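Asker: Structure provided below as structure tokens; questions to follow.
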Amino acid sequence: MSETARQIAIEQQVVDTVYARLEVMRAQTRQLSEEGHRRAGGGPVAGLVERDAMVLGAAARLSDLDGQEEGIVFGRLDFDDDETYRIGRLGVRDADREPLVVDWRAPAAAPFYRATPGEPLGVARRRVITCTGRTVVGLDDEVLTDTPVDGVVGEGALLASLTRERGAHMRDIVSTIQREQDEAVRAPAAGVTLITGGPGTGKTQVALHRAAYLLYRDRGRFADGRVLVVGPSTVFTTYIGRVLPGLGEDSVHLRAIGDLFDGVVATRRDCAEVARTKGDLRMVRVLTDLAWDTPPNVPDRLWGLDADDLARARREVRRRCEAAGITPNAARAQAATVLAELLDGREVPAAFLTAWWPSLTPQDVLPAQRGEWSVDDVPLLDELAEILGRPQRVAEVRPEWQRRELRSGARLAETFVLSLSLGDGWQLFAPGVATPIAQSGQSLDSGHWGAQRWAAAIILREGHQVVGWVDGFDPYGEEGHVPVLAEPLPVAQAEEPVEDTYQHVIIDEAQDLSPMECRMIARRAAYASMTIVGDLGQATHPLAAGSWPELVHRLGKRTARTLDLPTGYRVPEVIADFAARALPPGIAPTRSFRPGGRLAIRRVDDLAEAVARETGTVIAPDHLAAALHAIPVSQVKGLEYDRVVLVEPADIVAAEPRGMNRLYVALTRAVGELVILHRKPLPEQLTRA
Ligand SMILES: Nc1ncnc2c1ncn2[C@@H]1O[C@H](COP(=O)(O)OP(=O)(O)OP(=O)(O)O)[C@@H](O)[C@H]1O
């Protein structure tokens, strides 16, 4: 038996023990979950709470275990003092609670990523264990001590991992995270962490592993959708979408910029000129004017008031509301007041007010052009949501009595009638109109009649019945003869305001954010710590920040701790050296870890014909992409392919103000081979030696 086979057999034994233990845990978990469901049948409130807690915990545990089928154990550390332990995607203990595998995120696992020959941290040997499913298929040892270590085997885990076949989705790098990457993954959660580095330095990987790390370190704070990861496009989020579930985490919100505003999924980008306009901070003013403008199709006269009078009234409403900090969607009462003043106190019918001052959604104010919003529209919709204000929340418009009922969970007819100002109830039915009791004066008889009408209204609206009459308070709080209502509808669930802010926000490809996009993210990160990941050399947005401090500031934060990733793991040396010619002055090229690589540059007469002869992924200027069945160059950010065929660089550069940066992005997508096909002369920068 070879030494490698012997060592593999040793590790296989450990892996088998871990899986056997997981099976036991899985069976226990399933039993727990079933027990939870059975108890739920009982129904009492206390039981429900218990059920929820149990089912939730059990289900989470199950999905944890299911997600970890592949390669749970991937590392081993042997220390100078003969201590040994295995590192895995999750921590597993045996029946006596002794650790079988240490979670890669635990402090004890840090030496696996941090130890170097110069600074071994007590580690004698670091071993990477490669599994396919439950079978150990390879080992790679690195000895970090001068004293001899037995049974050393190796095949270069990092290189092996880099040369593995590429799938349609990004795979995690948990077994080969490099030291500088690990420092970025484990940087403190608080404040702003800025992770910079050239193409292929592992920024995206670090960002995702960091999300998993934060969840592990402070689950109470970050679980349940409290971490947001923002990427540049839905193609990109789909590409990286499996990394976190593979690491056992599925509670992170992963969103593309075009996907951040609820109810809209935008994938198309506007051309640079339009993007420049839409991304500019001056849009805030434009959108504010739009939000207060007269909406289309609203009535344009009311009794003696014509369209001009109404337009003037609208301006007056805006003036008063802006002075008082009231948003358009909360301004109907002010609108009523202004109109009533113009009408010498005459009360404006509710129906008119609702039509003239409707509640607006951002989509009402900024309808889709040709049936579709662009990614650059999304921050505008989000801004409009802020400017318009939410249509008043149910909780806010509910009268106090109703809120009290919702809080207590009980709807008491007597309470309903006696303890509240009946005006509240009437307001629900006919806002802005005087109540029947008020209209009928103070005589008890007509008051009684009015109360009956009022009760009928409430019956219609709320499903109550009148079961008697008592002396209570009329709509104006005066004493009167009022109905006691019964048979209420069940009390609805109290609607808690949904907080859509996060505890931690991770932004990938952050160099590309326009000022308006920054505002959209900052709105979700007002109280959040942040991880900002990017490369200024790949900035293509016409309004991209010129420096990192500027971007941090745009995101509403002040300072950042910066970590730079200096080594590129994607692009091989030959291609990286060539691509560096497209880098703007002042940006240092990335040192490539991958040796070799193949580069071919061909001048051709017919692009379509030349493309048809090639194999690999074709990347073309956007205007040629469809004809050549190619991926538009604007869509490849963050992605990578084994063999890239890049078409007509001159057109890519000419298409937009930051065309050279766009070309740099395209040149740095290839993992093995890059073929450049061009009909027009190459951009001058590429021809420089
Ligand atoms: N430590 C590592 N071990 C194995 N593979 C790695 C490691 N670091 C990075 N890689 C691989 O290198 C490639 C580039 O990584 P990634 O996409 O995270 O880089 P990036 O810096 O985000 O690139 P870009 O700036 O182009 O978006 C990926 O295939 C990734 O899996």
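Every residue gets a Cβ built from N, Cα and C, even glycine.
Residues or ranges marked as ATP binding site in TrEMBL: GLY197, GLY198, PRO199, GLY200, THR201, GLY202, LYS203, THR204. Residues or ranges marked as domain 'UvrD-like helicase ATP-binding' by TrEMBL: 176-572.
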Asker: I'd like to know which of the binding-site residues listed (GLY198, PRO199, GLY200, GLY202, LYS203, THR204) lie near ligand 1, counting only a CB under 6 Å away.
Answerer: PRO199, GLY200, GLY202, LYS203, THR204
Asker: Using CB atoms and a 10 A radius, I'd like the single residue among the binding-site residues GLY197, GLY200 with the highest neighbour count.
Answerer: GLY200
Asker: Excluding GLY197, GLY198, PRO199, GLY200, THR201, GLY202, LYS203, THR204 themselves, which residues in that chain have a Cβ inside 8 Å of the centre of the Cβ atoms defining the ATP site?
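Answerer: Going along the sequence, the neighbours appear as ASP535, LEU565, GLY568, TYR569, ARG570, THR590.
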Asker: Long-range neighbours only, meaning 6 or more apart in sequence with Cβ under 8 Å: which ones does THR201 (ATP binding site) have?
Answerer: LEU565, PRO566, THR567, GLY568, TYR569, THR590
Asker: Which ones in the same chain are close to PRO199 (ATP binding site), with CB under 8 Å and 6+ residues apart in sequence?
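Answerer: ASP535, GLY537, GLN538, GLY568, ARG570, VAL571, ALA579, THR590, TYR664, VAL665, THR668, ARG669 - these are the non-local Cβ neighbours of PRO199 (ATP binding site), listed in sequence order.
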Asker: Give the number of CB atoms, excluding that of GLY202 (ATP binding site) itself, located within 10 Å of its CB.
Answerer: 24
Asker: May I ask you to report the DSSP-based helix, strand or coil state of GLY197 (ATP binding site)?
Answerer: strand
Asker: Give the residue from the binding-site residues GLY198, LYS203, THR204 that has the most other Cβ atoms within 10 Å of its Cβ, counting over every protein chain displayed.
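Answerer: Comparing the binding-site residues GLY198, LYS203, THR204, the most crowded Cβ belongs to GLY198.
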Asker: What mean pLDDT does the predicted model reach across the domain 'UvrD-like helicase ATP-binding' (176-572)?
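Answerer: So the average pLDDT across the domain 'UvrD-like helicase ATP-binding' (176-572) works out to 79.
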Asker: Would you mind pulling the DSSP three-state label for GLY202 (ATP binding site)?
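Answerer: Assignment for GLY202 (ATP binding site) reads coil.
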